[in-house]
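These notes concern the structure reproduced below.
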Amino acid sequence: NVACVHRTCDSNCKRNGYKSGKCINRKCNCYPH
């Protein structure tokens, strides 16, 4: 399993139309859902 990198997570979420991304338990979570 790949460790979550906040910068990558955040930009992936933004590219998918979310406001921001945050790493929780090594997984990328996009907000707001």
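Any Cβ shown, glycine's included, is placed from N, Cα and C.
Candidates considered were CYS13, CYS23. The record in Swiss-Prot pairs CYS4 in a disulfide bond with CYS23.
Listed in Swiss-Prot as the disulfide partner of CYS30, from the options CYS9, CYS13, is CYS13. According to DSSP, CYS4 (disulfide bond) is assigned to coil rather than to any helix or strand. Reported as a whole number, the C-alpha separation between CYS4 (disulfide bond) and CYS30 (disulfide bond) equals 12 Å. Within 10 Å of the C-beta atom of TYR31 (site 'Aromatic residue of the functional dyad') sit 11 other C-beta atoms, taking all shown protein chains into account.
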